[in-house]
């Protein structure tokens, strides 16, 4: 989609793209519209250009592909759509889908969990199924693969991300055989426990929401460093920092906080989120890189597409 907002300049202060609607805000100026049909909100990528021009790339949800009569449920002026841009891509099946509805016994278990958490006699209306946790081995074992770090130093973190490019090139990105990479799984017994859980216990949607939640826990500078590191793995370490910056949204991916609402019903390993939040900056970058390298290549592309 390409749309023009008269009288605005630069990055919007608010950017929200869900499965049903899109909202961009520049102070008092707002562009907001509901899609004609459902889309994959988490796939949204955008680029803000001069004179209030914005380009948004987003995938239609399964079953809603093909050309629509219009992008939004109401006709909106100054909006154009290119329906054919992604037709040549054959990776729709790699996109995460919402899981099936809970079975009665699972719903009962969820209700019991919700009551225990809230102390109430009934689960509050609308409590998300994501409260259902996934039991996993401790993530602290990841510290053994981390380089010695200067905690919290943004320059050191970015330098560390760049210094790993050659190593990432040698190790290679995720394989295309549909199975997660196993390169890091045997580096030590301690690492194997959580990496085996990462590869074998978690489903693809669970891995995607975990990566997104970990990203959201990072600071602005750590997100910048993580984005460069992940791209160095995916691209085999052959891109320069300047090229990475040029391909990222506005060159400031650190300001991007991911919308995980598409995964509200997906259980996730909350212990990992808590442990990750308490890590030093470079350890966060290393942990994200270790998880990323264990993904299949289609999952790696899905992760990177969120900030490009």
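Backbone N, Cα and C define each Cβ position, glycine as well.
TrEMBL annotations: computationally assigned, not manually curated.
Feature annotation (TrEMBL): of 90-111, 112-133, 200-221, the stretch labelled region 'Disordered' is 90-111. Ranges compared are 145-190, 237-282, and TrEMBL records region 'Disordered' for 145-190.
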